[in-house]
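Please read the structure below before turning to the comments.
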């Protein structure tokens, strides 16, 4: 067994490589992404092998489902992300989030400096500053990754200066990018924070409400993509996203299926003018119904466990990213959704013995009745 110190160092390196894969597109070395990916897989394998006894049949079962999806669709996204999360499950999550915040803050700051000196010049989109990212929404997402990990880190400190900085970051970024989805996500995250501080997590209705949030957001996304896709008011608020969602979900020959499509299906089937800015719809469409259902069930169970354990900071982290996923495709990428690690950790509490015991109790009740 490797020592915790080395385990944490390897874990930080894995998260660094995942973030570099995300930023590689913007810095101009996207051709190195496959190397970042390979090295991260090798390091993840070290963590997986040295902690093999920690994994349960549930972990293996989910891995098998994701592997089948990869073999049938040739889309590596789901299994790659899940494998990294399996590895990072063995590392202190607070350390991972701390370095996730630091690495993102450094890379974001470097990119802003390069934007200021003209290396990555600003391209204004209808008067909106993209800070050289090519899209104002992407610039806000990159800031939000720092913002939410900082929020998680200071959750229990109750320092007013920290909260003032959080408001300042969002205000300054919004005045430049005027990204409604980002602003609304930040506002709803702050509202969720105040709600979490007040509610009693031991109450059944609170657990049901929080754990059912991924299912609610999925349902809402599908309703907008189908029934309300032509609603003028909704399309105006969401920048015509539901219209685009509808084109993917209801495609006559390449609609939603069980195991999804290759990761480049968007480039093959649609054009750049047909974006799919939704973590829910894009994950469902590209990864397929089977993987998506497993993922949502994992999220639901994890949120329930976090309620039981009264881990408010972790709940807020996952919920905030789930909110942002409604209008941005950031769900199935560790570089944009660090909360996925918690989901792998959450399902570790599932045991087949528990199911057998529950089933046995049900049978006894029937006999007794």
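Glycine too: its Cβ is placed from the backbone N, Cα and C atoms.
Within the chain carrying the transmembrane segment (12-29), a Cβ under 8 angstroms from the stretch's Cβ atoms is held by residues 36-37, 39-40, 43-44, 47, 84, 87-88, 91, 95-96, 99-100, 103-104, 107, 111, 120, 132-134, 138, 333-336, 338, all 6 or more beyond its ends. As annotated by TrEMBL, transmembrane segment applies to 12-29 (among others).
Look at TrEMBL and you will find 35-52 (among others) tagged as transmembrane segment.
Under 8 Å from some Cβ of the transmembrane segment (59-83) lie the Cβ atoms of residues 37, 41, 44, 48, 259-263, 286-288, 290-291, 294-295, 298, 332-334, 340, 344, 347-348, all in the same chain and six or more residues away from its ends. The annotation transmembrane segment is assigned in TrEMBL to 59-83 (among others).
Annotated transmembrane segment per TrEMBL: 95-117 (among others), in sequence order.
Among the features that TrEMBL reports, transmembrane segment is placed at 138-155 (among others). With a threshold of 8 Å between CB atoms, the same-chain residues lying at least 6 positions outside the transmembrane segment (138-155) that come near it are 26, 94, 97-98, 100-101, 104-105, 108, 111, 129-131, 162-163, 165-166, 169-170, 173-174, 176-177, 179, 181-182, 185-186, 189, 193, 312-314, 316-317, 320-321, 324, 328, 330, 335-336, 338.
Here TrEMBL flags 167-196 (among others) as transmembrane segment. Listed as Cβ neighbours of the transmembrane segment (167-196) (distance under 8 Å, sequence separation of 6 or more from its ends, same chain) are residues 127-131, 136-137, 139-141, 143-144, 146-148, 151, 155, 237-239, 277, 312, 315-316, 319-320, 323-324, 326-328.
Sequence annotations record features per position, and here TrEMBL assigns transmembrane segment to 208-228 (among others).
The transmembrane segment annotation in TrEMBL covers 280-304 (among others).
TrEMBL lists 316-344 (among others) with the feature transmembrane segment.
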>> If I count Cβ-Cβ pairs under 8 A between the transmembrane segment (208-228) and each of 35-52, 95-117, 280-304, 316-344, which range comes out on top?
In response: 280-304
>> Using Cβ atoms and a strict cutoff of less than 8 Å, what residues sit near the transmembrane segment (95-117) while being 6 or more residues removed from its termini?
In response: 8, 11-12, 15-16, 19-20, 23, 26-27, 88, 131-133, 142-143, 145-146, 149-150, 152-153, 317, 338, 341
